[in-house]
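What Swiss-Prot says about this one:
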{"type": "ACT_SITE", "residues": "SER182", "note": "active site, charge relay system"}
{"type": "ACT_SITE", "residues": "ASP280", "note": "active site, charge relay system"}
{"type": "ACT_SITE", "residues": "HIS348", "note": "active site, charge relay system"}
{"type": "CARBOHYD", "residues": "ASN114", "note": "N-linked glycosylation site"}
{"type": "CARBOHYD", "residues": "ASN145", "note": "N-linked glycosylation site"}
{"type": "CARBOHYD", "residues": "ASN194", "note": "N-linked glycosylation site"}
{"type": "CARBOHYD", "residues": "ASN202", "note": "N-linked glycosylation site"}
{"type": "CARBOHYD", "residues": "ASN223", "note": "N-linked glycosylation site"}
{"type": "CARBOHYD", "residues": "ASN305", "note": "N-linked glycosylation site"}
{"type": "CARBOHYD", "residues": "ASN334", "note": "N-linked glycosylation site"}
{"type": "CARBOHYD", "residues": "ASN367", "note": "N-linked glycosylation site"}
{"type": "CARBOHYD", "residues": "ASN413", "note": "N-linked glycosylation site"}
{"type": "SIGNAL", "residues": "1-29", "note": "signal peptide"}
Amino acid sequence: MKTTTRLLDLTAAMVLVVYVSFSPPLVSGEPGRRVSMTLVRDAAALGAFCLDGSLPAYHLDRGFGAGSNNWILQFEGGGWCNDIASCVERAKTRRGSTRYMSKTVVFTGVLSNNASQNPDFYNWNKVRLRYCDGASFAGDSQFGNGTSLLYFRGQRIWNAIILDLLPKGLAKAHKALLTGCSAGGLSTFLHCDNFTSYLPKNASVKCMSDAGFFLDAIDVAANRTMRSFYSQLVSLQGIQKNLDPSCTHAFFPEPSLCFFPQYVLRFIKTPFFILNSAYDVFQFHHGLVPPSADQTGRWNRCKLNVTACNPHQLDALQGFRKDMLGALMNFFRNSTRGGMFINSCFDHCQSALEETWLSPTSPRINNKTIAETVGDWYFGRGEEAKEIGCPYPCDKTCHNLIPASTSDFLASNASGSGHNSRGTHLTFLFLLLNFFFFFVISKFSKKDYVT
């Protein structure tokens with residue numbers, strides 16, 4: 001299928017979210033627990049395959065003590081593929097095949113079994129669902145042309161993993177939390193109510209999305225890049241039939257809009273928590289300012305260092321935050337069982353690592369960490385757990401992935417561990433990858449490509 005350069009840019013850029021979302025933890029102190037992979041052997045009978053036809057997988061760390069009947073499931077993130085060429089390439093990597101995945105993963109942050117780092121969930125059964133379908137566990141189709149064979153079976157993978165976990169104790173869960181980061185965070189919006197339907201009626205079941213509230217944004221060139229991308233994704237991978245029917249009916253004749261969390265949110269019945277940065281780095285770089293919307297490179301310096309942004313660019317960033325809060329306002333005002341933590345950091349995924357989830361230097365709003373806010377919401381401690389941070393540059397507790405202040409820039413060039421060790425380690429890679437993408441776009445942005 002023929003796509004615009006705009007979609008090619010976004011597809012290529014997904015490698016950023018792969019690293020940012022689920023890289024090895026960059027934290028000082030004790031390492032997290034390493035957990036082995038479990039292949040879903042019965043998945044083949046359900047037609048549940050990764051893109052390349054390999055079996056899906058998950059990692060299970062058993063709960064103990066008072067948490068032995070409680071479960072937390074985390075969708076892995078890692079972008080999407082919306083056309084045949086990008087899915088063919090993805091199938092040759094760990095994002096499209098369990099053959100290339102690490103057989104063990106480290107559990108940190110909300111999956112940590114350390115009581116001091118994860119006091120509310122440390123002793124629960126913890127599961128990471130490996131991501132290998134390229135469509136947030138939502139597709140149900142396949143493609144074959146005699147040369148390539150691709151399985152778009154994310155929905156079946158989701159079902160197969162749940163069916164594998166039910167006899168292992170999930171069917172008797174007392175408490176459960178479905179969560180995920182990035183593309184996995186988007187998965188929680190798509191599967192939250194379905195998750196609830198599998199569990200006992202008297203179980204306390206809730207869902208939390210981390211960095212998964214992808215906006216239907218208008219970019220700086222007045223295009224809807226993400227809408228175009230998701231529309232092709234929904235069509236290619238046969239997602240429409242798995243979207244919430246109440247939502248697709250409400251948004252007919254554009255059912256693919258229901259892949260956006262802002263549109264499906266009001267149809268979700270299960271209590272929901274939204275963790276997101278109002279200046280999410282992935283959305284800043286590929287929703288608000290995708291390379292195709294800035295072919296002359298006017299935004300290059302700003303995208304790599306927020307202190308280099310001019311007043312017009314800062315206004316656009318503040319406008320993006322305003323749009324995100326606007327999309328969340330009905331939920332903020334009217335959801336009696338919902339929770340939220342919307343800070344003003346240049347970050348992407350904050351529940352997966354100790355230093356942003358719960359540590360002495362974790363991000364805070366009203367002096368509450370993310371872990372404290374989520375715990376208060378889940379267990380009903382105190383008043384409503386809905387926190388919205390003040391706009392950039394007022395938040396001094398951030399772990400920014402790109403420099404957003406003079407202190408961030410100095411930290412990224414300083415030796416040793418500091419307040420922003422995650423940003424320190426990731427800044428160089430982030431800059432390198434972005435310069436690579438800018439180079440590619442400068443070479444090819446004047447043409448359309450079959451991707």
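Every residue gets a Cβ built from N, Cα and C, even glycine.
Candidates ASN202, ASN223, ASP280, ASN305 (recorded positions) were compared with HIS348 (active site, charge relay system); those inside 10 Å Cα-Cα are ASP280. For ASN114 (N-linked glycosylation site), the nearest neighbour among the listed glycosylation sites (ASN145, ASN223, ASN305, ASN367), judged by C-alpha distance, is ASN367. Ranked by Cβ neighbours within 10 A across all protein chains shown, the glycosylation sites ASN202, ASN223, ASN305 are led by ASN305. Minimal Cβ crowding within 10 Å, among the recorded positions ASN114, SER182, ASN367, is found at ASN367. There are 27 other Cβ atoms within 10 Å of the Cβ belonging to HIS348 (active site, charge relay system). In this structure, the CA atom of ASN223 (N-linked glycosylation site) is 38 Å away from the CA atom of ASN367 (N-linked glycosylation site).
Neighbour density around each Cβ, counted as other Cβ atoms within 10 Å, peaks among the glycosylation sites ASN145, ASN194, ASN334 at ASN194.
Comparing C-alpha positions, ASP280 (active site, charge relay system) sits nearest to SER182 among the recorded positions ASN145, SER182, ASN194, ASN202, ASN367. Recorded residues ASN367 (N-linked glycosylation site) and ASN202 (N-linked glycosylation site) have their alpha carbons 34 Å apart, per Cα-Cα distance.
In this structure, the CA atom of ASN202 (N-linked glycosylation site) is 25 Å away from the CA atom of ASN334 (N-linked glycosylation site). Every protein chain shown contributes to the tally, and the Cβ of ASP280 (active site, charge relay system) ends up with 27 other Cβ atoms within 10 Å. Between the alpha carbons (Cα) of SER182 (active site, charge relay system) and ASN194 (N-linked glycosylation site) lies a span of roughly 19 Å. Spatially, by CA atoms, the glycosylation sites ASN145, ASN194, ASN334 include one closest to ASN305 (N-linked glycosylation site), and that is ASN334. Note: the Cα of ASN334 (N-linked glycosylation site) and the Cα of ASN194 (N-linked glycosylation site) are spaced 23 Å from each other.
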